[in-house]
Amino acid sequence: MQSKDLVQLAEQFGSPLYVYDADKIQSQYKRLTNAFSKVEKLRINYAMKALSNVAILQLLREMGSCLDAVSIQEVQLGLYAGYSPEQIFFTPNGVSLEEIEEVSAMGVQINIDNLSILEQFGTKYPNVPVCIRINPHVMAGGNTNISVGHIDSKFGISIHQLPHLLRIVENTKMHIVGIHMHTGSDILDIEVFLYAAEILFDVAKNFKNLEFLDFGSGFKVPYKKDDIETDIEELGKKLSKRFNAFCKEYGKDLTLIFEPGKFLVSEAGHFLAKVNVVKQTTSTVFAGIDSGFNHLIRPMFYGSQHHIENISHPKGKERFYSVVGYICETDTFANNRRISEIKEGDILSFRNAGAYCFSMASNYNSRYKPAEVLWQNGKSHLIRARESFEDLLKNQIPLPVEKAIV
Ligand SMILES: *Cc1c(COP(=O)(O)O)cnc(C)c1O
């Protein structure tokens, strides 16, 4: 979609605003399935925590995607969006046995990531098919907060605990149908991914009745021009070949599963905000926008660099700006960024605003969460209304007036 469309949407729906390009989601989905077209049985479970608007879930369902959910509420949203229980996987971390039981009773495939719950669940429900999440201890990931495969990580069952795991499975006679790993976000090196896959194959050989292998996600997407990204086509070629060879060895066509979040929706998202004030200081020029880390926390949280464009005046002379939010504490989106000359009232567009942006938004500073718009076939669809004052008060219980006065 083009900048002029975005400017028009900001005028129509106000700012700040999230806009998602349906075509981009579709083309990423196709890129991934094409890369693995040589695999007989391929399944994509969209990691919905990246962006869980119901309209986005519906869109992905129409493309043929299934879902990866990490909470019972995500499972409920998925069902609401029209997915059948069989199309949803539950891959939580550290949730209670009760929550796992509840989701399992809905007919959703569960994935267990620790031995304590595995033993309890297996003892109670030996006939329920279970997938286990292993931790291959392969270091991947662009940021320590999102790399989840390393030795001290809280995620998954360590491969060093395999003997204990096997003993639990044997003792409970539970039914293991899948092995899962997710090494973390931002995989740059395909060889590292393939190395982790070998570990998964080694673990898989210990189980006789598998139906699928789930390789998680962690594909890196480009954040700026000439940025490095996971070479999906190359990974597809190499991993498909190895996977097919493994299936032959195993004696069965297993399903290969991926659970991408970022890869499917990151680049489809544009976050639009208006410049409230241009402020010269002794050291820099600040462009202060009508939003903050309450709406887009990734730069402050992960140090992520979202490309920023002045879409109101894209052709102006470039100058250096610090783009900051209106939150009452340090709230920096970009430092010393070269942007086409900014005037107050201009609309700035932040790229890669599809994944972990709206889904991490809050009401901090008692601000409303932005509206969300889906752009499809040259048409806009409002898929979430901007919040209002009633939303801030919802569920709050004021004291009776006389008590509040004491
Ligand atoms: C978050 C998550 C994903 C998605 O990761 P991306 O980097 O967004 O692709 C996949 N699987 C699991 C288990 C996750 O927790």
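Residue 1 is the first one shown; counting continues down the chain.
Yeah, the Cβs are placed from backbone N, Cα and C, and that goes for glycine too.
Positions annotated as active site, proton donor by TrEMBL: C328. For C328 (active site, proton donor), the count of additional Cβ atoms within 10 Å of its Cβ stands at 9 [all protein chains shown].
The pyridoxal 5'-phosphate binding site annotation in TrEMBL covers G218, Y356. DSSP assigns Y356 (pyridoxal 5'-phosphate binding site) to coil, not to a helix or a strand.
Cβ-based neighbour count (10 Å, all protein chains) for R298 (substrate binding site) stands at 20. According to its DSSP assignment, R298 (substrate binding site) is helical. The annotation substrate binding site is assigned in TrEMBL to R298, Y302, E329, Y356.
Look at TrEMBL and you will find 18-354 tagged as domain 'Orn/DAP/Arg decarboxylase 2 C-terminal'.
As annotated by TrEMBL, domain 'Orn/DAP/Arg decarboxylase 2 N-terminal' applies to 23-266.
Among the features that TrEMBL reports, N6-(pyridoxal phosphate)lysine is placed at K49. Around the Cβ of K49 (N6-(pyridoxal phosphate)lysine), the same chain contributes A69, V70, E74, G261, Y356, S359, each under 8 angstroms and 6 or more positions distant in sequence.
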When the Cα-Cα distance from C328 (active site, proton donor) is computed for each of the binding-site residues G218, R298, Y302, which gives the smallest value? R298
Tell me the coarse DSSP state (helix, strand, coil) of C328 (active site, proton donor). coil
Among the binding-site residues listed here, G218, Y356, whose Cβ has the fewest other Cβ atoms inside 10 Å? Y356
Recorded positions close to ligand 1 - of G218, R298, Y302, C328, E329, only those whose C-beta is under 6 Å away: G218
Candidate with sparsest Cβ neighbourhood (10 Å radius) among Y302, E329, the listed binding-site residues: E329
Would you kindly give the Cα-Cα distance separating G218 (pyridoxal 5'-phosphate binding site) and E329 (substrate binding site), rounded to the nearest Å? 31
Distance from G218 (pyridoxal 5'-phosphate binding site) back to Y302 (substrate binding site), taken between C-alpha atoms, in Å: 15
